[in-house]
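Heads up: the structure comes next, in structure tokens.
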Amino acid sequence: MKTQRDGHSLGRWSLVLLLLGLVMPLAIIAQVLSYKEAVLRAIDGINQRSSDANLYRLLDLDPRPTMDGDPDTPKPVSFTVKETVCPRTTQQSPEDCDFKKDGLVKRCMGTVTLNQARGSFDISCDKDNKRFALLGDFFRKSKEKIGKEFKRIVQRIKDFLRNLVPRTES
């Protein structure tokens, strides 16, 4: 025979299961990293694999591309890191380190997943060689100056030729 006590017990279990059902999706959502958190995790991996003396820290994060909602699908990322003053052997977070004056800058591209439990990344970084950028600026400015000078020379030749043509007196 069923007692009132059994009814309360069944009601409690139902309530526990209902609450558990409501909390589980929140736990799953909490395991999804934000775009920036996934990039910071990738930078931690870059620092672990690096043979450079100092840690790198996020300098610039390109805007987040439009993405699907699946946290297991690799998402494209691109960002720039800069060398900090903290040695790689330190246990300090790169975010707590100051950038090194004239520190090495690297441009990084690849993919990250936002699933915290199975988070992965495939990132490659190249030195952001400012010398080549400066060389490009030099050639662009030189081209502009040469173009202006060329136009000036052409105008002087035209003026000279106009003056050579015999003038008729009226």
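A Cβ is built for glycine as well, from the same backbone N, Cα and C atoms used for every other residue.
For Cys108, the partner cysteine in a disulfide bond according to Swiss-Prot, taken from Cys86, Cys125, is Cys125. Annotated by Swiss-Prot as region 'Active core', the relevant range among 7-19, 33-45, 111-123, 150-162 is 150-162.
Taken together, the residues in the region 'Active core' (150-162) have a mean pLDDT of 88 on the 0 to 100 scale. Across the structure, Cys125 (disulfide bond) and Cys86 (disulfide bond) place their CA atoms 19 angstrom apart. Geometry remark: Cys108 (disulfide bond) versus Cys97 (disulfide bond), CA distance 19 Å.
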